[in-house]
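Copied over from TrEMBL:
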| type | residues | note |
| --- | --- | --- |
| REPEAT | 62-103 | repeat 'WD' |
| REPEAT | 153-195 | repeat 'WD' |
| REPEAT | 201-243 | repeat 'WD' |
| REPEAT | 245-286 | repeat 'WD' |
| REPEAT | 340-380 | repeat 'WD' |
């Protein structure tokens, strides 16, 4: 029978072998990559999108939270936004009028994520209570003005960091968790349909922080993790990840599918955004900013979103910046953090309206802001 020392030695040797193979694979992939999106676009004579400070303006500030805003989501159809805050409340806003339509007091104030159902009639949220709570916005409030929970999805063994409804399916929802797994739920019954990761060797090896469902093939979704990888999953094959994507050197805080469903973007603690090809696994582009003048460290990327065409990448940073990147030229065409009425704190979340006409940002300054494209300019 092998001793503990022998087992440790074998484990160390196996780990070294895996790391060596991974490095050889990375080098092999690098040799196959003859260019990136930026160099190819410049070779084709493409020029960056032209922006000035009046093309994208802050038209509304949504005030009402008394704590840091952590998450937001737009309805797929109507101009409603739901936001989650450290004050322990979900607020549903009319983005056109800035009016609050619902203020939902949560049983657990430590909320980290929120999402609208596809029909806009329900909202989901999750956080440090390791559960995902569903609220039907048509429910009657009680005597104290509180809305009852219509369903609580329990089963995760760690905090719920992210949640998203499967598009066009009111009864299917995916959550990501600090227990290193993602789960597909039946909202109607509260039962887990599939678990992605965990005991399976192809799963994440650290907390899952973000997820994004493919808009053109809703059977596929990606998850970003503290293990610095993104993994692609198929709802029909829960037992193993379809592919693993490497490149980042820090926690991956945000993942978002490109509009064509063939690529996806990421934002990380390493201060970079990256664009990956879903099919080949190749990293197509790095969106890398310069360190702040007074600090050698890069601000971390907290949240990302693409414009309707994918030509623009919106990235929120921990220092209050919100960069608008030209995805083809890898150039910053605008920084919302330098504009009038910008946020006073960390940008924690952001999202684009379904028609692409407005961007909403949420911050630790307790406010949300709606940025609209002014005049003749339309989102590209």
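Backbone N, Cα and C atoms are what each Cβ position is placed from, and that goes for glycine too.
Of the ranges 153-195, 201-243, 245-286, 340-380, the one with the most Cβ pairs under 8 Å to the repeat 'WD' (62-103) is 340-380. Counting only same-chain residues 6+ beyond the ends of the repeat 'WD' (201-243), those with a CB under 8 A from a CB of the stretch are 158-159, 161-162, 164, 166-169, 174, 176-182, 184, 194-195, 249-257, 259-261, 264, 266, 268, 276, 278, 281. Broken down by DSSP into helix, strand and coil, the repeat 'WD' (340-380) contains 0 helix, 18 strand, 23 coil. Averaged over the repeat 'WD' (153-195), the predicted model has a pLDDT of 96. Helix, strand and coil residue tallies for the repeat 'WD' (245-286), in that order: 0 helix, 23 strand, 19 coil [DSSP].
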